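Please read the structure below before turning to the comments.
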Amino acid sequence: MEIIRGAPALSTFRVQKLMEACVNAALPVRQIYAEYVHLADLSELLETNEREQLEKILTYGPAIEAHTPQGSLLFVTPRPGTISPWSSKATDIAHNCGLGKVKRLERGVAYYVESDTLTVEQQQTLKGLLHDRMVEVVLDDFAKADVLFKRTEPAPFKSVNVLAEGRRALEVANVEMGLALAEDEIDYLVENFVRLNRNPNDIELMMFAQANSEHCRHKIFNADWTIDGEAQPKSLFKMIKNTFETTPDHVLSAYKDNAAVMEGSVAGRFFPDPNGVYSYHTEPMHVLMKVETHNHPTAISPYPGAATGSGGEIRDEGATGRGSKPKAGLTGFSVSNLKIPGFVQPWEGSYGKPDRIVSALDIMTEGPLGGAAFNNEFGRPALLGYFRTYEQEVSSHNGVEVRGYHKPIMLAGGLGNIREEHVQKGEITVGAKLIVLGGPAMNIGLGGGAASSMASGQSSEDLDFASVQRENPEMERRCQEVIDRCWQLGDKNPIQFIHDVGAGGLSNAFPELVNDGGRGGIFNLRNVPSDEPGMSPLEIWCNESQERYVLSVAAEDLPLFTAICERERAPFAVVGEATQEQHLTLADSHFDNNPIDLPLEVLLGKAPKMSRNVVSAKAVSPALEQSNIDVKEAVKRILSLPTVADKTFLITIGDRTVTGLVNRDQMVGPWQVPVADCAVTAASFDTYAGEAMSMGERTPLALLDFGASARMAVAESIMNIAGADIGSFKRIKLSANWMSAAGHPGEDAGLYEAVKAVGEELCPELSLTIPVGKDSMSMKTAWQQDGANKTVTAPMSLVISAFGVVQDIRNTVTPELRSDKGETSLLLVDLGAGKNRLGGSCLAQVYGELGDIAPDLDDAALLRGFFETMQKLVAKKSVIAYHDRSDGGLFTTLVEMAFAGNTGLSIDLSALQGTDVERLFNEELGGVLQVSRADAELIAAQFAQAGVPCHMIGTLANDQRVTIKDGAREVFSETRVALRTLWSETTYRMQALRDNPACALEEFKLKQDETDLGLTVNLSFDPSEDVAAPYILKGAAPKMAILREQGVNSHVEMAAAFDRAGFESLDVHMSDILSGRISLEEFQGLVACGGFSYGDVLGAGEGWAKSILFNERARDEFSRFFERDSSFALGVCNGCQMLSNLKEIIPGSEHWPRFVRNRSERFEARFSLVEVQQSPSLFFQGMAGSRMPIAVSHGEGHAEFASAQALALAEASGTIALRFVNGNGEIATQYPQNPNGSPNGLTGICTTDGRVTLMMPHPERVFRTVANSWHPDNWGEDSPWMRMFRNARVNLG
């Protein structure tokens, strides 16, 4: 093992935060210094030149001055027996640079602590601050790190002696192995193995437990029910299926695959043909949808828990039918009270929590980062979400008790597209090769399916450790590229059948694959790729290593599939063959035995059906006491409640523009305020048809009325999607995610009531279908504290996600109030019809109460009338702005619209019934519309005709105040800025805790700046003019190399932009160049695309660059290309970072900076304002002086120069092409207008001759006007950024 020191691991503010944590923990620590230390496991000693090369590869990131460390060493490394995602990607880079002697690279952080002598307890506390015990360990000596590379002999399987010891042997195994088997399942297994006359092996029992866990089998949803002594006619699942039986319209696949599929629109899918040439293929683009939960792992270890939750859901989408394409994601979190240090709220009590789970604050600090990082790196925009905090002692169905989300909800979902011929899975032919695609087996995530089926607190902590997984999104991206190449072959797609590997690992995935395909299988255990040779058969077969798929490929198609995988560098292995007989055999060549030898029917057969005999309960809770509520104080509290408050800290960490197909993200208007009701995507680059998704959940209402909570969730999802141009209820499909504490008094009967309310009643009445969903039935946390038994039980929680096909994405209405549209009026559509019920509201929550009666959808006809009327108005563009009424009531709806439009309001409540508090804060269904004053009465009449109450409630103010009156009486008045400050303080506090606090403060102050102009546009050219048109007509299109490396994810939209400009875009993978399949001699232009090459592990773009510089063939190819006078190149984002590290082979680039970690130390996804500078860049000719917004998505975009002198030279060279500016056109120096902290706002630069241009922002994602988060009304189909690509075509003549 070689040990190689790296750069300092913590910036100044990170060290400060760590020191503060030490002070808060009363640790006598004086100083901490941290640096990366790299460990290399070698097959033989390196030569001097090889060692130097390895040291260069391991030199990356910002230039921070190292110093000689002092103090005690605490060395944090990944847990032995695991391989970190960093390790696998860094090792790939070393191999691609020709260092074959490096078996594996690993990285740790060496902390040097100067302190007084620490007690054993203090040492443990300090270690707790330095590492995540779920995925890391702390060593006191570098030499001890060799345990990371220790290889142990494989362990054999173990048998459980049922034949001799009977049922008792299985009962013991059930507890020891954490199998979560029910009594009748133990009986079933004993009976079957006695019949087979043999003992079960541990691997067979674990496989059975996973395949039959509540998590996988949904036993409660398939159970027979008796409630209050009366047998119920249907199971829960049958009631859900009733929605499909009633309205099967437009559903192509339901209840049988990894995701549901509905009919989409016809458009031109843009992808490369087998020769690599990108083009449009006009065909139906059907829409798949899926929403998953990953609650248990997120409670244990939030970052990997949420990351692998997102990853698993993305795999479900990719593994739908015979392979498909994930497109856009959504996310959701429900947690207990945050109790932000220094910002604890009056309603946040301190009830405690068990040690084995983390706090709500930890979950919301780390979990969203994990989920966002996975989506970012995979390349899926995250466009929608919800966030609720709830933890309260209330009187509900089971008397007085604490209800809340100690076991959190972590929701991950999304939509994708699938070809018509691939919607149904194919036939698995006898003799077909059964393949695992993706990463290696690792000893992690064991028993996740069974573990998440238990209430938190029933399994031992060691088993909780085992059920945490690791994420490697860059690997999943490679696998998805393989799936893409396969579906792009149409009827020649080699994939017959595909499933993702999730809970239970291969032990669940392979049996499911062959069983669904009507086959059996013979498998060879030792063919499973594994990084840990010491694993037992159970560990190899049942571990939940991520980023894996299982699939069947006909033997004759194996060479084609192999070639695709090798080009994409996606690992795969043939593990078995499909058999006619439905039997499962797993052979182990190492021990020459069969750890599994079972008929499939024993594993997946008629395990006993569950029966639930339950009693219903009625909630009795006093009415909300209104007399002590002051409107001004109520406003302050409600705007500080995380459920209502600004969610920026959850949004800007997630890429929202990748694909170039995003039409509507969360951020609205020129001030980019996160208040959008739904997300909208374009079907492709050549159409205005698209897809929309929204969410609805009103979980606290279930503490009063289960049915109301369910109806309100469905209704809220419809109210949210109503601003998109969908047309009919039948074009909307719902995913239902049900969370409940099964067995808790009253909850089972309540769950039945809720499912019945939507499955049997509401959805059929509205022609809505629920073709997909998920359940999580163990939403309770139990523990002992100071000798007392404590529990926190979640409310029955239904989260609805609505997916719709959009007719015209240009018609989407947002909450942005417009003060430039003449005289306008605000209308309140009140589906609550004046009932003003306050039970379960945010108002009740912030005063520590529950209230007595929940709001409800009393008549489905109200929702039908609203939606159908709204859709007609949206299609005719009669609505200027729209926002639904939900959490926080009418007051919140109005002020959020005011924030988005940067305007004041003048509101009159006199048309509404009830007290001030009821009118402002009730959360009945409803919405506010801004319409032209001339149309207002006509529109109000249309709603009234549809049976929906509608009231005129005011207009925009001439000043920046929100004034609310009841006739002449003033009810409330405050400045918009003061309200925005209250609303945004929660996000500021969370950002300051998690990111660079200086950046968080700058953003908070910007939100309070009344003079901020937001995004402004000033163009020096006409964007509607196609300057390339005369050249396109001349003849053959010039060839453009659309260059990607493993992990790049922005190549398709880049190809589309150059295609529109008249180029022939060709897909070129680095493996094509390294293998000699393709030469850059063939191309006039090259573009290095954005993404996460090698997952950015050795510095963003640096690993990619080094694999060129240290590979002779690649270096020659690129050197010759850049030396050619006729060639040109563009590097965007990751491509910019990569090219900036190739300075030594690019003429005229000596003055370029490197691009390193953002000042905020956070991935920044922003819609930022830039100005084009006067420069020789051929891409920006005729554009100088233009100011316009552009997509920014990067974690390492800070331009770092070697010295102040180097920066001055770059400025003097006249090659700076692009700068961040503010709305006045001044250079942006403050965050987030300068999102990465680059000096002088620098974000684009070129060579001295202008042939090679680098830029961090993404023009290819916004070349269509509809792909811009905000744009002036007068822009046509092409945004101004299209000019860049056309300039490149003009340059070639």
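Cβ coordinates are placed from backbone N, Cα and C, and glycine is handled just like the others.
Taken from Swiss-Prot, the feature active site, nucleophile applies to CYS1133. Non-local neighbourhood of CYS1133 (active site, nucleophile): SER1050, CYS1089, GLY1090, GLY1091, SER1193, HIS1194, GLY1197, MET1255, MET1256, PRO1257, HIS1258, each in the same chain, at least six residues away, with C-beta under 8 Å from its C-beta.
The active site feature in Swiss-Prot is assigned to HIS1258 (among others); the stated evidence is sequence analysis. In three-state terms derived from DSSP, HIS1258 (active site) belongs to an extended strand segment.
Taken from Swiss-Prot, the feature active site covers GLU1260 (among others), and the record attributes it to sequence analysis. In sequence order, GLY660, SER1050, GLU1053, MET1054, ALA1056, ALA1057, CYS1089, VAL1132, PHE1285 constitute the residues six or more apart from GLU1260 (active site) in its chain with CB-CB distances below 8 Å.
Per Swiss-Prot, the feature ATP binding site maps to GLY305, ALA306, ALA307, THR308, GLY309, SER310, GLY311, GLY312, GLU313, ILE314, ARG315, ASP316, ALA676, SER886; the stated evidence is sequence analysis. Using a 10 Å radius centred on the Cβ of GLY309 (ATP binding site) and all shown protein chains, the other Cβ atoms total 28.
The annotation Mg(2+) binding site is assigned in Swiss-Prot to ASP677, GLU716, ASN720, ASP884 on the grounds of sequence analysis. Of all Cβ atoms in the protein chains displayed, 25 besides its own lie within 10 Å of the Cβ of ASP884 (Mg(2+) binding site). In the three-state DSSP scheme, ASP884 (Mg(2+) binding site) is classed as strand.
Residues annotated as domain 'Glutamine amidotransferase type-1' in Swiss-Prot: 1040-1293.
Sequence annotations record features per position, and here Swiss-Prot assigns region 'Disordered' to 305-327.
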Local confidence of the domain 'Glutamine amidotransferase type-1' (1040-1293) - pLDDT mean: 97
Cα distance (Å, whole number) from ASP677 (Mg(2+) binding site) to ALA307 (ATP binding site): 25
Assigned element (helix, strand, coil) containing ASP677 (Mg(2+) binding site), judged by DSSP: coil
Distance [Cα-Cα, Å, rounded] between GLU716 (Mg(2+) binding site) and GLY311 (ATP binding site): 27
Binding-site residues (GLU313, ASP677, GLU716), the one with most neighbouring Cβ atoms at 10 Å: GLU313
Cα-proximity to ASN720 (Mg(2+) binding site), 10 Å cut-off, over binding-site residues GLY305, GLY309, GLY311, GLU313, ARG315: none
Binding residues GLY305, ALA306, ALA307, THR308, GLY309, SER310, GLY311, GLY312, GLU313, ILE314, ARG315, ASP316, ALA676, SER886 (ATP) - maximum C-alpha distance in whole Å: 33
Residues flanking the Mg(2+) site, with Cβ no more than 8 Å from the Cβ centroid of ASP677, GLU716, ASN720, ASP884 and excluding those residues themselves: CYS678, SER694, GLY696, SER717, ILE718, MET719, ILE721, ALA722, SER886, GLY927
